[in-house]
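See structure below.
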Amino acid sequence: MSKSKSRQVFIGVCVAPALILLIVFMFMPTFEVFRMSLYSWGGFSNTQQFVGFDNFKLLWNDMTFIRSFQNSIFLIVVVAIVTFAFAVFFAAILTKENVKGGNFFRIIFYIPNILSIVVIAGIFSAVYDPSGGLLNSVLDIFSLENLQQMWLGDQKIVIYSLAAALVWQAIGYYMVMYMSSMAAIPPSFYEAASLEGASKIKQFTSITLPLVWNNIRTTLTFFIISTINLSFLLVKAMTGGGPDGSTEVFLSYMYDQAYGNSTFGYGMAIGVIVFLFSFLLASIVSRITKRDVLEY
Amino acid sequence: MKNSKKISLDGLMRVFIYVALITLAVSIIVPVAWVFLASIKQNKEFYGSPWSLPEGIHLANFVEAFQEAQMGEYLLNSVLVTAMALLILLLVALPASYALSRFEFRGNRLINSIVKAGLFINVSYIAVPIFLMLLDWDTGLKAMLGNDLLLNNRFMLALIYASTALPFTIYLLSSYFKTLPADFEEAASIDGAGYYRTMFSVMFPMAAPSIVIVILFNFLLFWNEYILALTLMPASNQTLPVGLLNLMAAERSAVNYGPMYAGMVIVMLPTLILYIMVQKRLTQGMTVGGVKG
């Protein structure tokens, strides 16, 4: 008895605390998001009233929500394309080309990823400041005054300004991810290709890209979730959704509704939509990017 | 002829490559360095060209940030919360990862899938329900104890940080434990060590490299986090990023920029120093886990 019993006790002692914490602080709140979305609840002491899917019906006609939805999709798509283009490009350069100071560049490019998103919000507020900001004064130096903008004040531009900040912070992270899978490709592949006269660009499109494709696919799924999250954190710290709702993303709208406006049920309905949406998007992306994986 | 054309094309390509690399590097170094310089500027220096170097080292901004904006208090809270969260995380995640990866038992696979599912839960959705839950428990406790216990509580925030970091951490540590050969456990067992002794004296020391990576990653995560801290600490004990948010709002309306930049330096300096010391390990470790919370 005692040997198997003590083994069971040991396993229980090891696993139970983690399991309890996960259930109490991760799964129960997630369940609550779904449950609360079916209630109308005005605030802390008010009574909760079951309303079924009414919150979702209201969302359908909520222009601010639709706007926040459009902004989020825009950010996910644009930031994904630009970030991946840059990250793959720089990863290929730093692994395949013999650049001087490659290690220095790798170290520098990763720095934005270790900064708090609040600090990034502060840095970009300084960069975009219309009068004493870095971006406008750089344009001044190059005599491009006509390109100067109210980067955070113009409703048409502000979403691009935020996208640039998100790209800036993400490039280094994804670059390092791709560098490791590119470094694993045997050099003999490139030697053979260049003997047959394939150009650098040809080598990139027919050797490097297909062989790291699987890695890109995995990061894409993850990227969607992280952009949804980071765009919320950045918007909250930097523009507060303004000017005039032009940078509202769905999580910031959820947070404002639930926490700021005390309409918890409504806010949580947005949470459910975001949850389902990111899941759906991740599976669509993994579907359309599916190719035969090349092995080497 | 053909050859020389090829060389010049290659040469052009190299120029383009260096221009691209240097442009990105400059776009990162300049704003970060600019924040450091701005943090020692006097307020009147903010009205000229943004490129002017500081006239001198004006440390009054830091004094103001620490004294008037209570950045010192926020700093202390951040240090305490981050340290407690890392400690709880290691205490909980290490034994769990070890048991889940090296022992066969009923429910093992179920628990492993629960951990994996946790990777997909986004902290931003659950911040509000966690707040409501703690508020609810507090109402019950208040009847007994008379004051708030769970909200504005640094230990509670640390516990929740640790919980949200568990899926990634267990995933990473388990995959490391799986690679260790079984010989060590057998040898320890022959020498008369029990399960606990084997785990603490043999297996954990062997996992040191991945423990370092776990600490690094989660340090950055906990130190930089602000949405849970903002939500769960409405009245007191706020952490540094939340303090910085307050400072940014206050200084902008007061048109007093110096202390704001000092605050930004206070938040990013510890992570920058850590990064410079361990950057190689950090970027290598990243590819082991392949995920970020």
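Glycine is treated like the rest: Cβ placed from N, Cα and C.
Whatever TrEMBL says is automated annotation, not expert-curated.
Under the heading transmembrane segment, TrEMBL lists B:12-37, B:79-101, B:113-135, B:155-177, B:198-223, B:260-278.
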Leading stretch by Cβ pairs under 8 Å, where the reference is the transmembrane segment (B:198-223) and the options are B:12-37, B:113-135, B:155-177, B:260-278: B:155-177
Contact call for the transmembrane segment (B:79-101) and the transmembrane segment (B:12-37): at least 3 Cβ pairs under 8 Å, seq gap 6+: no
For the transmembrane segment (B:260-278), sequence-distant contacts whose Cβ falls under 8 Å of one of its Cβ atoms, 6 or more beyond its ends: 32, 35-36, 38-39, 41, 61-62, 64-65, 69, 71, 75, 212, 216, 219-220, 223-224, 240-241, 243-244, 247-248, 251-252
Long-range Cβ neighbours of the transmembrane segment (B:155-177) (under 8 Å; 6 or more residues past either end): 80-82, 84-86, 88-89, 92-94, 96-98, 100-102, 112, 115-119, 121, 123, 130, 134, 203, 207, 209-211, 213-214, 217-218, 221-222, 225, 228-229, 232-233, 237, 239, 288-289, 291-293
